[in-house]
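Peer 1: Please see the structure below; I have some questions.
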Ligand SMILES: NC(=O)C1=CN([C@@H]2O[C@H](COP(=O)(O)OP(=O)(O)OC[C@H]3O[C@@H](n4cnc5c(N)ncnc54)[C@H](OP(=O)(O)O)[C@@H]3O)[C@@H](O)[C@H]2O)C=CC1
Ligand SMILES: O=C(O)C1=N[C@H](C(=O)O)C[C@H](O)C1
């Protein structure tokens, strides 16, 4: 069976390191190279002490030209991730994107690019199966509860707020929920931001603390009852089975897939 040739962008990062390990330990995956912003031309062994001779590239075009990968796994920052994803599609490489913080305009642009190139691209705000279920269950619950607040909690090194998972959860809920402005009509914030971000009338609260990894509670309320749906990732290995599934699936796709719930039955 032909191996899937993979480039990982962001290999020194918290997620990138795990993804490199995943690729190295998966039988039908091959690490073709990594994209970083330092150590150009060195091997991962030389630069990072990783048991691999895969080369580090700072130039994505050179990397793709020399390595001809099938898939790019991007785990960087929103701006860099978007740039990498566009270049990958234009270069015939299928992106699997875990990087969060893409705008709706970015997603629309990528959808068009996938149509033009007939290449698959998977953008997954959360690769953890439990988080995907949390989002699905929240969508189910929103049919019965129109009032909801999303509380996402992450480590304090996270760049984007709200998290990609919180935005995706809000989008999934809003696809079945009547638009509703929540809380008292006359409510006022004595301190700006007290009620969190407003997504079509529902509120998203972002907590950032050292010690946390990735957590989210979706809290529904109606007369005399509340329902809380919570997911916790305690390590980044929790995301890796989703990354593996996304890489395998993207090879079969010819369009944009936004959210792992679209490929997990
Ligand atoms: N979808 C999911 O399930 C998950 C998604 N994420 C998302 O993944 C992304 C990465 O998260 P995390 O690993 O925690 O972040 P880190 O900050 O640990 O890693 C990001 C890495 O990207 C590198 N980077 C920055 N610019 C470039 C560039 N031009 N080329 C290559 N690499 C670059 C950074 O390098 P430097 O150190 O030099 O800045 C850093 O090593 C975030 O958007 C996060 O939200 C995180 C967890 C799960
Ligand atoms: O930055 C993180 O850590 C995470 N980012 C993703 C997000 O923004 O939802 C996924 C997970 O929550 C971890």
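Glycine is no exception: its Cβ is also placed from the backbone N, Cα and C atoms.
Pasting the relevant annotations from TrEMBL:
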DOMAIN    4-127  domain 'Dihydrodipicolinate reductase N-terminal'
BINDING   10, 11, 12, 13, 14, 15, 98, 99, 100, 124, 125, 126, 127  NAD(+) binding site
BINDING   38  NADP(+) binding site
DOMAIN    130-263  domain 'Dihydrodipicolinate reductase C-terminal'
ACT_SITE  154  active site, proton donor/acceptor
BINDING   155, 164, 165  (S)-2,3,4,5-tetrahydrodipicolinate binding site
ACT_SITE  158  active site, proton donor
Peer 1: For a three-state summary based on DSSP, what are the helix, strand and coil counts in the domain 'Dihydrodipicolinate reductase C-terminal' (130-263)?
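Peer 2: Per-class counts: 42 helix, 39 strand, 53 coil.
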Peer 1: Taking each of the recorded positions 12, 38, 154, 155, 158 in turn and counting other Cβ atoms within 10 Å of its Cβ, which one has the fewest?
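Peer 2: Output over recorded positions 12, 38, 154, 155, 158: least Cβ neighbours within 10 Å is 38.
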Peer 1: Counting distance between Cα atoms, which of the recorded positions 155, 158, 164 is nearest residue 98 (NAD(+) binding site)?
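Peer 2: Nearest in space to residue 98 (NAD(+) binding site), counting only the recorded positions, is 164.
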Peer 1: Among the recorded positions 12, 98, 127, 154, 155, 165, which have a Cβ atom lying under 6 Å from any atom of ligand 1?
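Peer 2: With ligand 1 as the reference and 6 Å as the Cβ limit, the list reads 12, 98, 127.
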Peer 1: Within 10 Å of the Cβ of residue 164 ((S)-2,3,4,5-tetrahydrodipicolinate binding site), how many other Cβ atoms are there?
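Peer 2: Result for residue 164 ((S)-2,3,4,5-tetrahydrodipicolinate binding site): 21 neighbouring Cβ atoms inside 10 Å.
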Peer 1: Under DSSP, is residue 98 (NAD(+) binding site) helix, strand or coil?
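Peer 2: For residue 98 (NAD(+) binding site) - judged by DSSP and reduced to three states - the answer is coil.
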Peer 1: Taking ligand 2 as the reference and 6 angstroms as the Cβ limit (strictly under), which recorded positions among 10, 38, 98, 158, 164 are close?
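Peer 2: List returned for ligand 2: 158, 164.
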Peer 1: Can you tell which of the recorded positions 38, 158, 165 lies nearest to residue 14 (NAD(+) binding site) in space, using Cα positions?
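Peer 2: That would be 158, nearest by Cα distance.
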Peer 1: Please state how far apart, in Å and to a whole number, the two most distant Cα atoms are among 10, 11, 12, 13, 14, 15, 98, 99, 100, 124, 125, 126, 127, the recorded NAD(+)-binding residues.
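Peer 2: The widest Cα-Cα gap among those binding residues is 20 Å.
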Peer 1: How many of the residues that make up the domain 'Dihydrodipicolinate reductase N-terminal' (4-127) does DSSP mark as helix, as strand and as coil?
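Peer 2: The composition, in the requested order, is 52 helix, 28 strand, 44 coil.
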Peer 1: Excluding 155, 164, 165, which residues of the same chain place their Cβ within 8 Å of the centroid of the Cβ atoms of the recorded (S)-2,3,4,5-tetrahydrodipicolinate site?
Peer 2: 100, 125, 126, 152, 154, 158, 160, 163, 166, 214, 216
Peer 1: If one measures from the C-alpha of residue 125 (NAD(+) binding site) to the C-alpha of residue 154 (active site, proton donor/acceptor), what distance in angstrom results, rounded to a whole number?
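Peer 2: Distance between the two Cα atoms comes out at 14 Å.
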